[in-house]
Amino acid sequence: MSSQVLASSQKNDKTQNIIRPTTKFHPPIWGDRFLHYNISEQELEYKEGQVEELKEVVRKEIFHGNNKRNIINVSKQLKLIDDVERLGLSYHFESEIEKKLQHIYEITTNNIDHQDQHYYYSNHDEDLHDVSIRFRLLRQHGFNISSNIFEKFKDESGKFKESLKSDIEGMLSLYEASYLSYVEENILDEALAFTTTNLKLVANKKEHPLSHEISLALYRPLRKTLVRLYARHYISIYEKQPSHNKVLLQFAKLDFNLLQSLHKKELSEISRWWKELDLANKLPFARNRIVELYLWILGVFHEPQFSLARKILIKAISMASVADDIYDAYGTFEELELLTEAILRWDISFIDKLSPDYLKTYYKVFLNSYEECEKDLKKEERYKLHYAKESMKKLIQAYFHEAQWLNQGHFPSFDEHLKVSFVSSGYPMLIETSFVGMQDVKTNQVFEWLSTQPKIFRACTIISRFMDDLVSRKFEQERNHVPSTVDCYMKQYGVSEQEACDELNKQVVNLWKEINQEFLRPTSMPSSILVRILNFTKVLDIIYKEGDGYTHVGKLVKDSVAALLIDPIPL
């Protein structure tokens with residue numbers, strides 16, 4: 001796949017016979033499929049009207065249907081909230097869900113039976129399924145609920161009761177709950193091991209009614225699944241449940257298809273922007289993955305109100321992707337020195353100092369992309385772009401730092417490597433830039449918070465670094481390449497490749513637990529901010545679960561694109 005070739009970047013390059021380390025990336029698999037999407041404003045407005053109408057029906061039925069003669073069972077209420085979230089509808093009812101969960105938390109925390117004019121709760125009536133859903137939803141939303149509530153499901157020897165193995169629904173719920181664990185929360189580690197072993201046996205029994213749902217969960221638990229992708233799967237599962245709410249189901253289908261229409265329209269605009277840049281022809285050595293990049297961003301924020309945030313982030317991530325290929329797989333060291341200085345200066349007048357011409361091409365497109373972002377922002381919000389620019393400069397400096405290691409033949413220690421590769425992962429830049437276009441980010445408070453490298457920010461970024469290196473290391477080794485975190489860990493600790501990979505995977509598990517703990521109230525930032533970083537982490541399970549799905553676009557990424565951006569749900 002990789003080779004040393006005699007090449008020049010452009011036909012009119014003055015520099016000839018440069019030996020470049022080039023990598024042959026496969027061409028884009030989508031062609032011009034997303035270039036045009038014809039939907040009229042009238043059709044969109046009609047779809048939006050349908051969704052709004054059903055939204056109010058659901059709001060009244062599910063969230064405001066309580067009265068003195070209609071006492072709601074807590075377990076049933078939690079099941080409804082769980083369904084709303086699994087169907088991808090929670091963004092419509094955030095305040096209602098918060099109010100319901102707050103009330104449920106208050107009446108269940110004391111672990112005593114409770115009945116008032118609206119709610120009925122009995123600790124004695126709760127089975128494993130009920131307790132697991134209550135635990136998962138409350139912890140997911142930051143309520144301080146102890147995992148000790150699962151102690152009652154253990155026997156005298158301290159192990160989970162054998163009788164639970166026959167409660168398949170309960171075990172599946174406990175399995176999902178275990179992924180909300182904190183660091184050193186042993187009971188949830190035990191729960192995960194117990195449920196995984198037994199659920200695998202059920203998953204193999206294709207005739208079991210829950211086998212499909214169990215297989216999905218074992219492959220990717222709810223905590224690590226993108227909201228939209230899970231909604232796509234769960235709509236068909238929910239429809240088969242005899243007790244499903246028909247209005248809620250119809251609302252979920254219409255909402256999914258409406259958002260898909262909005263996203264397809266957005267992607268067509270982005271695809272045309274990308275095609276007009278013509279970088280596929282001007283810089284043919286770089287990966288051409290605009291659709292996959294949009295999928296990445298869609299995982300971070302899919303809600304319609306974040307269209308501007310997506311538009312800004314797609315331009316930043318596409319520029320970073322091309323830069324990554326210049327620094328990692330094409331540019332000479334001397335060229336990289338020039339490009340680094342140019343980006344740090346951020347001044348179009350520096351373009352005349354750039355050579356060969358491919359650097360000029362990239363630099364002009366790079367600066368223009370950020371100018372476009374500035375124009376898209378309201379005047380009073382443009383100060384936020386400063387943070388995006390500074391984070392991009394840091395990314396470029398990290399790319400160059402790694403190029404220096406390669407040029408000098410330096411093999412860094414694991415700790416030294418992580419200081420630089422933490423930034424070169426691209427995630428610090430992407431996370432910071434994601435907040436630039438979010439209109440509910442009104443001040444610089446979020447950016448100042450990020451500058452302190454809070455725990456959730458560090459955990460997410462390190463996960464991205466480790467997951468990338470774990471799957472891309474062998475491909476990168478086919479050419480002269482800077483050592484990965486795996487290589488550096490092996491050298492620093494004198495362990496085998498398998499031992500190093502096992503340790504990094506173990507750290508990823510613990511970093512997920514740190515992310516979970518950062519949602520515990522009171523939080524350092526509003527949950528609307530923390531959720532974006534959580535979503536950045538979730539996307540990694542799509543991109544890197546089965547290899548480097550960005551560089552080598554495989555079935556998992558293709559299927560995800562099809563599910564979210566091609567195939568509507570039949571009504």
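From the backbone N, Cα and C atoms, a Cβ is placed for every residue, glycine too.
For the (2E,6E)-farnesyl diphosphate site, Swiss-Prot gives D324, D328, R465, D468; the one candidate out of R287, R310, R345 that the record lists there too is R287.
In sequence order, S484, D548, T551 make up the list of same-chain residues 6 or more apart from S472 (Mg(2+) 3 binding site) whose Cβ falls under 8 Å from its Cβ. Residue density at D324 ((2E,6E)-farnesyl diphosphate binding site): 17 other Cβ atoms are found within 10 A of its Cβ, drawing on all protein chains shown. Each of the binding-site residues D328, D468 was scored by the number of other CB atoms within 10 Å of its CB, and the largest score is that of D468. Assigned with DSSP, the residues of the motif 'DDXXD motif' (324-328) fall into helix, strand and coil as follows: 5 helix, 0 strand, 0 coil. Following the DSSP three-state reduction, the secondary structure of R287 ((2E,6E)-farnesyl diphosphate binding site) is coil.
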